[in-house]
Amino acid sequence: MDERLLSGESAYEDADLEYSLRPQTLRQYIGQDKAKHNLEVFIEAAKMREETLDHVLLYGPPGLGKTTLANIIANEMGVNVRTTSGPAIERPGDLAAVLTSLQPGDVLFIDEIHRLHRSIEEVLYPAMEDFCLDIVIGKGPSARSVRLDLPPFTLVGATTRAGALSAPLRDRFGVLSRLEYYTVDQLSAIVERTAEVFEVEIDSLAALEIARRARGTPRIANRLLRRVRDFAQVRGNGTVTMEITQMALELLQVDKLGLDHIDHKLLLGIIEKFHGGPVGLETVSATIGEESHTIEDVYEPYLLQIGFLQRTPRGRIVTPLAYEHFGMEMPKV
C-alpha cells in the first residue's frame with residue numbers, strides 16, 4: 001500500500017475516518033456537479049418507473065469519492081449496498097456467492113473492477129444483462145450447466161483505469177461518470193465541514209491553504225487537515241490558523257502547489273539527468289527507483305493536470321511551468 005501523505009489511494013487509517021465523514025445524500029455531496037446532476041435524474045427516473053437503476057461505472061483518479069457515490073446511490077434508491085473489490089473475487093464461485101446473496105434492487109459495489117479476471121467477467125455478463133447466473137455442475141462428460149435467476153440489482157463499478165476494462169464489460173454499463181479533480185473552493189468547503197465533524201476551529205484562510213495543497217483530492221485534503229490539527233494542538237492553542245498551517249505543511253514537505261519530495265525527485269530527475277526530456281517511462285522508473293505503473297497511475301496524473309509534465313510519443317517532457325516553479329531556466333534548444 002502507498003503510505004505517501006499525498007497519495008489519493010486509501011490508507012488503513014483513512015477507512016474509519018472516511019466512513020464518519022461520508023455524506024449520505026447527493027444534496028450533501030460537495031463537488032462533481034456534472035456527475036451528481038446526471039445521477040439525480042437517473043435515480044429519480046428509475047424510482048418513478050419502479051425499476052432498478054442502470055449499472056453505473058465511476059472512473060477517475062483515486063480519492064475523488066467513488067466509494068462515497070456508490071453508497072449515496074444505494075441510499076437515494078432506498079436499498080442496501082454490498083461492497084467487494086476486483087482482487088477479492090478470485091473464482092467464479094466467489095462472484096456467484098455475492099450475487100445470490102443480493103436482495104431485489106440492491107447495489108453491488110465492485111471497487112477496482114478493472115482487476116477482475118476475464119473468467120469472472122464472463123460470469124458477470126449474463127448477470128448484468130439478464131439477471132441470471134450460469135453455473136456448471138460436475139466435471140467432464142457429465143458436467144451440465146444450470147441457470148439461476150437473480151433478483152434485479154444495480155452494479156456500481158469503480159476504477160482508476162477505465163482503459164483497462166475490457167470493451168464487453170464497459171459496454172454493459174448504462175451510466176458512465178468520470179469524476180474530476182476538485183476546485184480549491186470545493187476542497188475548502190470540504191475541509192471546513194471535516195473540521196466541524198472533528199470539532200476543531202479553523203480559519204477560513206487556513207482551510208483555503210490546505211485546499212490549495214491537496215492536489216484537487218478530498219481524501220488528501222482531509223489527511224492534511226488531520227496532520228495540521230496535530231500541530232495546532234501541540235504547537236498552538238488548538239485552533240488551525242494560517243500560521244500553524246503553513247508551518248505544518250512546510251515541515252511535512254508539502255509545497256505551495258501540493259508537490260512533495262517524490263514529485264520533486266521525479267521532475268528534477270528528468271530536468272537534471274535528461275535536460276527536461278523527452279525520456280521514456282522505463283528510464284524514469286529506473287532513475288528514481290519507482291515502478292513504472294506506480295509513476296503512471298499515482299504520481300503523473302496530478303503533474304499532468306497542473307501542466308508540469310507532458311506525455312508524448314517520444315517520452316515524458318518537463319514543461320516551462322515546472323522550471324519556473326523550481327526557479328530554474330529552461331535549456332535553450
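Here, residue 1 is simply the first one shown, and the rest follow in order.
Using the three backbone atoms N, Cα and C, a Cβ is placed for every residue, glycine included.
Of the residues TYR182, TYR299, Swiss-Prot puts just one in the ATP site with LEU21, ARG22, GLY63, LYS66, THR67, THR68, GLU129, ASP130, PHE131, ARG172, ARG219: TYR182. According to its DSSP assignment, LEU21 (ATP binding site) is helical. Under the DSSP three-state reduction, ARG316 (DNA binding site) is assigned to strand. As a summary of secondary structure, the region 'Small ATPAse domain (RuvB-S)' (183-253) carries 52 helix, 2 strand, 17 coil according to DSSP. Secondary structure at ARG311 (DNA binding site), taken from DSSP and collapsed to helix, strand or coil, is strand. Straight-line distance linking the Cα atoms of ARG316 (DNA binding site) and PHE131 (ATP binding site), rounded to a whole number, equals 45 Å. Just so you know, of the binding-site residues PHE131, TYR182, the Cβ with the fewest other Cβ atoms around it within 10 Å is the one at PHE131. The Cβ of ARG316 (DNA binding site) has 25 other Cβ atoms within 10 Å, all protein chains considered.
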